[in-house]
Amino acid sequence: MMSVKIKRSVYADMFGPTTGDKVRLADTDLIIEVEKDFTVYGEEVKFGGGKVIRDGMGQSQVTNKQGAADTVITNALIVDHWGIVKADVAIKDGMISAIGKAGNPDIQPGVTIIIGPGTDVIAGEGKILTAGGFDSHIHFICPQQIEHALMSGVTSMLGGGTGPSHGTFATTCTPGPWHMGRMIQSFDAFPVNLGISGKGNASRPAPLVEMIKGGACALKLHEDWGTTPAAIDNCLSVADDYDIQVMIHTDTLNESGFVEDTIKAFKGRTIHAFHTEGAGGGHAPDIIKVAGLKNVLPSSTNPTRPFTRNTIDEHLDMLMVCHHLDPSIAEDLAFAESRIRKETIAAEDILHDLGALSMMSSDSQAMGRLGEVIIRTWQTADKMKKQRGSLPQDKGKDNDNFRVKRYIAKYTINPAIAHGVSKLIGSVEKGKLADLVLWSPAFFGVKPDCIVKGGTIVAAPMGDPNASIPTPQPVHYQPMFGAFGKARTASSVVFTSKAAITGGLARKLGIEKKLYAVQNTRGRISKKSMIHNDATPNIEVDPETYEVRADGELLTCAPAEVLPMAQRYFMY
């Protein structure tokens, strides 16, 4: 057989970039380079008129029962914490079944994924494929949040609340088994993975045990309910007994103790610290110190991401609304102002870039924008590239691969590890739920091309349904067939505790969604478990100036004047 040489640009136009090719992410300065291509050159598969995936060519006679894939995403550029590679991705029974080379093994060499008559194709040529995002800080204020999050590329959400109650406006806590049952029953209506956090503020175990058995997959300690050392100690003790995670929003006013007292109450036990910078709440001015502890899994909420010229101005009004404060009361105003510090917000940028802050989340409608978790993660990465240059791991490589792996881990695999669901979601890996998002590189992180949930397309931009083709304007993000009927419950799960499942929660509530027990959330995970984000510097905060130092180095940076992934993408 004769080989034919073609230009890289021509090859990329036909099959997408290959090993050594570089791709810019949206309009950022972040450049990725393809590390490996799983294809066999000359044997690539592609769907369409006159293309490869036809009967007797790239499509075999193998049935699905015999091993053919249900769906193949062809020639996609996978961007994940473990690598940046070009491959075909197979989906079977709603799970990722293989990453490799698709085709017809009867006539093609190197085939690891079989295409048969029962195989559908999603064209990934020239596209980027990522795992669906996981937002682990949700105030369940309104159900419309879920669609907005899904359309941004988030396929899993964890948080608390009961709807637009004042307790939910301020805290991510679902109080008590009755409210928990109603929330979990409502989850059958949504095509995403969902989990409920119960209220963790109690000084005795019984109320917390009741909530865990009632369906909580985590417990949330929030200062508005009283995050005292006694409540912290009790909550962590119960969590250890039932293998669920604890999230904490610490005591901004330092009423029941200072950050040192809270750390002492941890007793070295694993805990997920929300908005660790402090603008979202927590010991003023030095809660950020916990980001350097080995047992703390720290995350940010996105209003402070990244630090810009507008960040400080917008926060005060947000805070007054979210925490039911009155600007005419001096004490309420002082409470709000104590949380907004430009010095710690600037340091937050750098701690993310150093891998000391491990996760990104939203704090939806309660000082956070749930549709912008992914955008603001990459805006932070871009700002740090512009201000700090290449990371040491990327020096001399003419790409930003390590930085990209570090940042994508913040909203995919790391929250999945922290909350005990990384065996099911969080990355593009064989054996995991096929929760996948396809992006055009120019719109990466901003507007997805297609969102796959449990192997089924659940959302995509769609043109006029009455048009002769799918693309005429107006183009809107719309729910697809996977978001309706029993398909939405078959392709997603509810995260809960093993105790709830053992106690027959699904039967008691009459729900259709499968329950998935969180696991390995306690002593066997620590900051070292946070992939690419496990740094534990010694962090100090000057109580007078609020300056932040990590291992003695001052952490400061200028606010951004202009951001990528912003107005040019949302003009209409």
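Cβ atoms here come from the backbone N, Cα and C positions, even for glycine.
Swiss-Prot has this to say about the protein:
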ACT_SITE  HIS323  active site, proton donor
BINDING   HIS137, HIS139, LYS220, ASP363  Ni(2+) 1 binding site
BINDING   LYS220, HIS249, HIS275  Ni(2+) 2 binding site
BINDING   HIS222  substrate binding site
DOMAIN    132-572  domain 'Urease'
MOD_RES   LYS220  N6-carboxylysine
For HIS137 (Ni(2+) 1 binding site): intrachain residues, at least 6 apart, with Cβ closer than 8 Å: LEU158, GLY159, THR172, MET247, PHE274, HIS275, SER299, THR301, SER361, SER362, ASP363, SER364, GLY368
PLDDT averaged over the residues of the domain 'Urease' (132-572): 96
Express the distance between the Cα positions of LYS220 (Ni(2+) 1 binding site) and HIS249 (Ni(2+) 2 binding site) as a whole number of Å. 8
Cβ-Cβ under 8 Å from HIS249 (Ni(2+) 2 binding site), same chain, 6 or more residues apart: which ones? THR171, THR172, LYS220, LEU221, HIS222, GLU223, ASP224, THR227, PHE274, HIS275, GLY280, GLY281, GLY282
Tally every other Cβ atom lying within 10 Å of the Cβ atom of HIS139 (Ni(2+) 1 binding site). 26
HIS275 (Ni(2+) 2 binding site): tally of other CB atoms within 10 A of its CB: 27
Is it possible to get the count of other C-beta atoms within 10 angstroms of the C-beta of the residue listed as 'substrate binding site'? 24
Same-chain neighbours of the Ni(2+) 2 site, Cβ within 8 Å of the mean position of the Cβ atoms of LYS220, HIS249, HIS275 and not counting those residues, run in sequence order as HIS137, THR171, THR172, LEU221, HIS222, GLU223, MET247, ILE248, THR250, ALA273, PHE274, GLY280, GLY281, GLY282, ASP363
Could you name the residues, excluding HIS137, HIS139, LYS220, ASP363, of the same chain that surround the Ni(2+) 1 site, i.e. Cβ within 8 Å of the Cβ centre of those residues, in sequence order? ILE138, GLY159, GLY160, THR171, THR172, MET247, HIS249, PHE274, THR301, SER361, SER362, SER364, ALA366, GLY368
Three-state secondary structure, HIS275 (Ni(2+) 2 binding site) (per DSSP): coil
Tally every other Cβ atom lying within 10 Å of the Cβ atom of ASP363 (Ni(2+) 1 binding site). 28
